[in-house]
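Undergrad: One structure, as structure tokens, below. Some questions next.
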């Protein structure tokens, strides 16, 4: 019964985050054009490979502990392309990983964790200011990583039948926590710098991280006029829609 109720709770959480993402995108899928879909498909594949093939797993008291090296890419996806892209990639990565790791017990809670990371990345550029980007990444990623590692993950594991092995896994997560918070946000930040260079010539209206203006190498607003240009383009898009 616990397995059923925790799956229902996770499904509700995924649904709520999807609706919130849809709201943040202005109730529109228009930012998910062909170019965006092609790039987030590549990011999805990278996350799946890093997590399920390059990541390391080992048996522990009847369960399997997975060291997921690709989850930070989910945060990067939301950070760059917005909440809908982050949520969708999180769902796709979890479903694909579940098909690859068929020996484990499927639980929607683990999908919720990935969706939270994808959604959380988009929060960096949801607010008005573009300053202190690395600190925002560190803060938001650290909060989500801590909650999912020390609270949600043990609940899903216990509901999946791990029993007392959950406490051993909790200690392992606790030891791993500071290293994850130190490394994953750093990987996300430097990868984000690279990705912004690749999409720098795209229409700013179509790229979530450019919604407040283009970003230079150090993650600051490059020119104030760029932000004004984005606002004008958004107004033009709204006029076309009307």
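Cβ atoms are placed via backbone N, Cα and C, with glycine included.
Feature table excerpt (TrEMBL):
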- 6-24: transmembrane segment (TRANSMEM)
- 36-60: transmembrane segment (TRANSMEM)
- 72-93: transmembrane segment (TRANSMEM)
- 105-127: transmembrane segment (TRANSMEM)
- 133-158: transmembrane segment (TRANSMEM)
- 170-192: transmembrane segment (TRANSMEM)
Undergrad: So which of 72-93, 105-127, 170-192 is most in touch with the transmembrane segment (133-158), counting Cβ pairs under 8 Å?
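TA: Maximum Cβ contact count belongs to 170-192.
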Undergrad: Quick one: do the transmembrane segment (6-24) and the transmembrane segment (105-127) reach 3+ CB pairs under 8 Å, ignoring pairs fewer than 6 apart in sequence?
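TA: Stretch pair touches.
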